[in-house]
Amino acid sequence: MIRDEVNQSIIISGESGAGKTETAKIAMQYLAALGGGSGIEYEILKTNPILEAFGNAKTSRNDNSSRFGKLIEIQFSETGKISGARIQTFVQCADGERSYHIFYQLCAGAPHALREKLNLRTADEYKYLRQSSCFSIAGVDDAEEFCVVMEALDVVHVSKEDQESVFAMLAAVLWLGNTSFTVIDNENHVEAVEDESLSTVAKLLGCSTGELNLALSTRKMRVGNDTIIQKLTLSQRRTGRSISILDIYGFESFDRNSFEQFCINYANERLQQHFNRHLFKLEQEEYVQDGIDWARVDFEDNQDCLNLFEKKPLGLLSLLDEESTFPNGTDLTFANKLKQHLHSNSYFRGDRGKAFTVNHYAGEVTYDTTGFLEKNRDLLHLDSIQLLSQCSCPLPQIFASNMLNQSEKPVAGPLFKAGGAESQKLSVATKFKSQLFQLMQRLESTTPHFIRCIKPNSLQSPGVYEQGLVLQQLRCCGVLEVVRISRSGFPTRMSHQKFARRYGFLLLESAASQDPLSVSVAILHQFNILPEMYQVGYTKLFFRTGQIGVLEDTRNRTLHGILRVQSVFRGHRARVYIKELRKGITTLQSFIIGEKVRKEYAVLVRRHRAAVSIQKRVKSKREMNRYQKLCDASVAIQSVVRGWLVRRCSSDIGFLRSGFKGAEPEEVLVKASFLAELQRRVLKAEAALREKEEENDILKQRLQQYESRWFEYEVKMKSMEEVWQKQMRSLQSSLSIARKSLAVDGSSRNSDASVNDDQDPTSLEAEPLTESNGTRPMSAGLSVISRLAEELEQRSQVFGDDAKFLVEVKSGQVDASLNPDRELRRLKQMFEAWKKDYGMRLRETKVILNKLGNDQGGGAAIDKVKKKWWGRRNSSRIN
């Protein structure tokens, strides 16, 4: 189909019961497996249960006999995939048979709800199903098959509403068989009895009982014996080509053969002529046209038998239609007319009574003309069609519409007119012939492939191979002639161009010319094909059986090798491409990952810097709060200390004033100036101490920035600074006490001296007092105290600078080749030595000052007061 671009057909033929239906199933399954993939093939296979249920019946010769011929056209896309299907059936039912399977399946397997809706009964309660000689009660198998049919209807997209309409029509047919009639006058006019059957049919069709009774009374409706064309289409979109499978009823010959066997055998005769024409006549004519040497094979042509059926005006079908048009025509007059006009035909023989015999290709068959005319006139009355068109059920309306459309079409050929009100209609035989010719036209447009089904035995001897029966079938269907042609003839042929195009690449060397004939002959010589196994015609090459298969095997092996080489090369190229692609992907990934990591690292760095900045600000804020609290505490402590000092000094001054109430005003002024000078120096020393404390606080802040690294070192420095501060305060306190003591001694010795209030106190250090003997020792004491104070300040500055330098060396801010810890210990030792020396000198200065005071002899009252003051100072210090 794909290579030649021509539609194909598979024609399955054989006697009844030879296995044609099963063969058609296998062919459908095979094509579905080859062209499957779209899902439509499953729907196509699911049509088999539907076709068997609605078209197969049980006969005396076959339990599953096909009562129609079906043409299954499977449509393929351009790529060889199934795209759809179209199924056409030619129904022909015979009397005396068990009816279609669907009636028994419906009675046995319908669900309870459907049975109630359709008022179904068992199969043995319907007269229509009991009238067959092959009647059997529906059983379990029918119930199971009904479930399969319903599933298949769902698969082929028949809606539930349409299914219920179909089952309602089937039930109406069953109940129509139970309808009874009564004679109402002397002219044998009948009327249907209004019982359960009539009311059920009216309900199922959707009409009134009166309308149904009128239609039935006018002409009793017949069930069966009609030739019907049914079409089922399962298609998505028809494209490409198609393969048709024809499964038609086989040749039949019973003890009594009627109109049904007449039509069936005529159809088989036409198919046999198609078979003969393609395998014998056309093939041998092709040999003559191409001028090849061959031995002619004679075959039996059944064209004369077909002329007996189809010839006008004296053919079987023409005479049947002519006799059917006569109102007074009977089966006997029809038989006599056949004997009168056809007695000279070698394929016809008139028998006694109403019988005649036809010599078919498969053998002689005797037909009984009883019922021929009635079955040929089997037309549905106009009242029945109008009744169906007025039903509320949609399916009868569709039937009526199709019947009316067919009756309105112009027709040619013998016509039957039942009355003035009737439309002209074709007879059953004419319609059957027309359908058969349409079928043959479709088959002629395809390339045919024939399958002959052979019965191995008869029903009387099951399980036994009957050689005579098989040979008779082979002889009748022309298979023996086919074998002879295949042996002496050339069944395989191919044009020169097609042969060269298909096998030209097998040549090892290119042909001298590009002429297709030269290329073809070169190919045959290369593969050593014997001359008697082929012949060269004018336009084609003819081969005996099996020769083209050798070339096809060689071609397939060569193509397989070529495909193998191509696959290896393409695989190598694909692997190289993949390798390069992977390398490029790896490089690209490395760049992308590097860029991504760099961005992530930059984000992490920004986060780290932000975290450090936040930590710095938090720690700075925390230390600032801590420092502020420390400053506030220091100020509070200083205010308390200063207040205490002021209060204490104020009490001493008040005591001195109370002790010298009789003294001169000038002496009081002198003592007040000395006291102011001492207070000024005390304030100066305190200011210097505060500056040192501020410097120490700055050092603390710098040390706190590195407390996580140098925690132990900071603890040591803190402890050393606290010791220094305590010792400094002790020294300052001693110095202050010495100054105060010196001021008291001076005031007691120089009570008679007069000093202006506006005089600068600092002039006491610059200009020595020479007015009296008492002033010089006092000036000397003040100079000693000043030197001690300056030394204290210088030493504090030196120790502070050294400690700051060691901190910078420890933190790495200053590069120096020394050990900070060792230098710190050395500085501490120097401080301890200086402190010891300074304390010793301070005590010596105090002794000298006391000695100077004693040498002056300031009077008993002054000594008393001085001792009292020193005693109060010492006691206050102890407290």
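Yeah, the Cβs are placed from backbone N, Cα and C, and that goes for glycine too.
The ATP binding site feature in TrEMBL is assigned to G14, E15, S16, G17, A18, G19, K20, T21. Residues or ranges marked as coiled coil in TrEMBL: 675-709. As annotated by TrEMBL, domain 'Myosin motor' applies to 1-556. Annotation comment: TrEMBL describes 436-458 as region 'Actin-binding'. Annotation source TrEMBL lists region 'Disordered' at 746-778.
The Cβ centroid of G14, E15, S16, G17, A18, G19, K20, T21 marks the ATP site; residues of that chain outside this set whose Cβ lies within 8 Å of it are N62, G250, C453, K455, given in sequence order. Long-range Cβ neighbours of G19 (ATP binding site) (same chain, at least 6 residues apart, Cβ-Cβ under 8 Å): C453. For the region 'Actin-binding' (436-458), DSSP puts the residue distribution at 9 helix, 7 strand, 7 coil. Counting only same-chain residues at least 6 apart in sequence, those with a Cβ under 8 Å from the Cβ of T21 (ATP binding site) are E52, N56, N64, S66, D247. For A18 (ATP binding site), applying a Cβ distance below 8 Å and a minimum sequence separation of six or more within one chain yields G250, C453, I454, K455.
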